[in-house]
Amino acid sequence: MARNKIALIGAGQIGGTLALLAGLKDLGDVVLFDIVDGVPQGKALDIAEAAPVEGFDARYAGASDYAAIKDADVVIVTAGVPRKPGMSRDDLIGINLKVMQAVGEGIKTHAPNAFVICITNPLDAMVWALQKFSGVPTNKIVGMAGVLDSARFRHFLAEEFKVSVEDVTAFVLGGHGDDMVPLTRYSTVAGVPLTDLVKLGWTTQEKLDAMVERTRKGGGEIVNLLKTGSAFYAPAASAIAMAESYLRDKKRVLPCAAYLDGQYGVKGMFIGVPIVIGANGVERVLEVTFDDAEKAMFDKSVASVTGLIEACKGVDSNLA
């Protein structure tokens, strides 16, 4: 049986972490691509030399030619400029849109049948542009956002309640920015909603609100601490969970930036919503009901993404 092939576009901090995790989880063979020649080859060799110690048999290759991603089953895109202190995700549009064009052409030529996961920021706009540039069917391309944002929320909740992260479920929807929507009503500890835990005295509404706000600012918190880049361990782990659900047909329900065609009242955009990822890519969009406050937050988040997409169209008229 042929082994899966995973192509990683961008051999920076996230790309290298993705490559290692793909091997540790035995997801397939890995091609690391980067335009800076030597970097993908060096990281690929370094991780390949870790394989005998960790006991996995994935084959690794590094490349600076898109031909190397030929017939990849999964393509994960991290290429682009990361955030630096003081930058918003939106500040990255001009630079990273050009990167998405080059990546999109590479995917269209060499791996048109791949399941594509975009991590590049500003996420919701970049996955939209990448789909346009690559021509990949909308059910075969998603953005990594909600899994990461939900993981951050779960971590904060587990710390507050002093329980295992395994027993904490959290859903963060909307755009991957400061207007994201952490849904406390749909978030639970061992099936008990957070709203009930407040009533039971496990925490206070003020503490819960603070955790929601910290989740929204989670990426910026790490950017400010690192000072030279942005998060990479948790984003990589999140994308690997998505890739694994596709490659192994696990049909996990994961919050991702997915193409909406009328669901949630949104059409023609990628927005963070719960989806089922299986062998056919995005197999289902789960539509949850909002109360008035949640609907207002979600609509505000969608408006922010709409603004980013309009900005993209302003930069590249071919996207209009």
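Keep in mind that glycine also has a Cβ here, set from the backbone N, Cα and C atoms.
Summarising the annotation, Swiss-Prot assigns active site, proton acceptor to H176 and lists sequence analysis as the type of evidence. Mapped onto three states, the DSSP output places H176 (active site, proton acceptor) in coil.
The NAD(+) binding site annotation in Swiss-Prot covers G10, A11, G12, Q13, I14, G15, D34, N96, I119, T120, N121 and rests on sequence analysis. The number of other Cβ atoms within 10 Å of the Cβ belonging to D34 (NAD(+) binding site), over all protein chains shown, comes to 22. Under the three-state DSSP scheme, D34 (NAD(+) binding site) falls in the coil class.
The substrate binding site feature in Swiss-Prot is assigned to R83, R89, N121, R152; the stated evidence is sequence analysis. In this structure, R152 (substrate binding site) is part of a helix by DSSP. Note: R152 (substrate binding site) has non-local neighbours V172, R214, T215, G218, A234, i.e. same-chain residues 6+ apart with C-beta under 8 A of its own C-beta.
Cβ-based crowding with a 10 Å cutoff singles out H176 as the top-ranked of the recorded positions R83, H176. Spanning the residues G10, A11, G12, Q13, I14, G15, D34, N96, I119, T120, N121 that the record associates with binding NAD(+), the maximal Cα-Cα distance equals 17 Å. A 10 Å cutoff on Cβ-Cβ distances gives G12 (NAD(+) binding site) a total of 22 other Cβ atoms nearby, all chains included. A gap of 13 Å separates the Cα atoms of G12 (NAD(+) binding site) and R83 (substrate binding site). Around the Cβ of I14 (NAD(+) binding site), the same chain contributes T78, I119, F232, P235, A236, A239, each under 8 angstroms and 6 or more positions distant in sequence.
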